[in-house]
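Heads up, the thing below is written out as structure tokens.
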């Protein structure tokens, strides 16, 4: 194993040296080589995985536009969960804030290694602020116009119920693997909770389906999209040629490699500590831009509301704006996807419902607050004009251009934040993917190593690709997870309803004490 | 000044985190027990140093070829940050940690020296390293307890077989008892 590790490091270092040398000595042939590689990989994704993308985004013609069924699938599920749990995200928001503020925690009974509620909140914040808020909003308004923002907000508000539901189940049905590692998420609740409800066979099928899609999602949206947008940001901020994405990819892959293959907790800890500051930096920049343009806020909100209900300049009109808003909001807050349930299952708590309630805050902060802020900055800058067909600036470049339109230096801070967010998201998704991988193939050093090496390879592929197929695949893989997750969630609604009722009753009776 | 009697919770881990690999092994030579970093742990720390140096070199190339100051500063800044991080990671590995019977002392270059005669026991503890956005895994500590109630961490890693073997040999070397305080962890 040690020898293998050393060889791998050697290979990485050789690539690094080659990248630097080639960049200096033969820029034209190097560029041609990289463009060829990029084009080849994109063609491969298009030819061999295009069917998968088409299947996941299968669309029906509705009011003259193509409506992807998967978008309706997620939106309708969020509406049903909202009604079924009695608008838990609004009615129990006080309880959620109380849990986060430590109202229900005994200050004298803090367990070893237990994180404080403030830490839990900052972790949640840093986990939600990412490229979905920066690049995703840029894509949504570039294609869906300002009106897409309204639908993002709606999706965020409803998605709070989905997140409450899946994160509660994630904690309730987590398991301790033979190695002692804690594992949880849809794979486990689909298998175990469905069996409890008498649907064991279906549960196993759904769990396997989810795990497969989660692995693909970890390679796609959780990896390639992140690396791709990190390099796109460097291209925008510093005019780095797109074909040099391989260097960005190799550097990121080396760092990801050290964390996921080496198991170094230090860099992961540093990332966890730095990312909240990056999130604060991003929020601070957004607030500054908004404050500098206070007189345009009214007009920006008008554009958002008008666009939501007129769909002016958007391909597909209102429906087009709605589709983009819902797609990007889901990509950003991951509600209904199932990934958050994996992350939340590692938390130390005896009450699964508390984690579910805390999780409701994430789509709110992520989509309702931060995505709206990004959309306002873009709308205020006015660089995104009709027709909204994505032909102009889009994604992270549109967002960055809008920020630097008010304060030029912001593009540098944004570049730093984007790279940090991309890196931390890749680490998180490597963890989700690995959990799904070990669910399917069991724990074992060799099998885990295969996943980790493939994951690192995809970092390089993602940063290298310049064309659309990789982005389409990234989207499809993430959305595909929701198909299996939500089918199971429909069967498991009574379990969480009972759990919620019990928790609320115990809070009211004083069995669960208030300490503040 | 009155000194308070504060009970020591031996079950409480000294360090919250720890690596998911074997970071050190104990090597016995003559009258000295040395904690040696493993090659793989050093190699993974070196990744950061290499990446940091690479970015610094790239910054120099960019400045030399294009005179692009903003990108040079960006690359240089990130490179220095990663390099510094790598160096701080390597430092604990290269610091000498020894139990020396010739001098009768234990030194780790972090805590003040401890006389070997003052070490009363070694203890093995288990803990769960958890993270919401990362791996969660069991990790183990080998700590020593001194006569005046100090607890000092000796080993902290994920390879329990190696840690048990090292702990037994070390306890025999120091002629102190080895207490296994591993317990079931309920999340």
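Note that Cβ sites are derived from N, Cα and C of the backbone, with glycine treated the same way.
Annotated by TrEMBL as transmembrane segment, the relevant range among A:169-189, A:274-294 is A:274-294.
Ranked by the number of CB pairs under 8 Å to the transmembrane segment (A:202-224), the listed stretches A:364-386, A:412-432, A:477-496 are led by A:477-496. Count of Cβ pairs under 8 Å against the transmembrane segment (A:300-323): among A:67-87, A:134-161, A:244-262, A:412-432, A:477-496, the largest is for A:134-161.
Outside the transmembrane segment (A:134-161) by six or more residues, the chain places 74-75, 78-79, 81-82, 85, 87-89, 225, 229, 232, 282, 300, 303-315, 318, 320-333, 335-336, 360-361, 363-364, 366-368, 371-372, 374-376, 378-379, 384, 386, 388-390, 392-399, 414, 417-418, 421 with a CB less than 8 A from a CB of the stretch.
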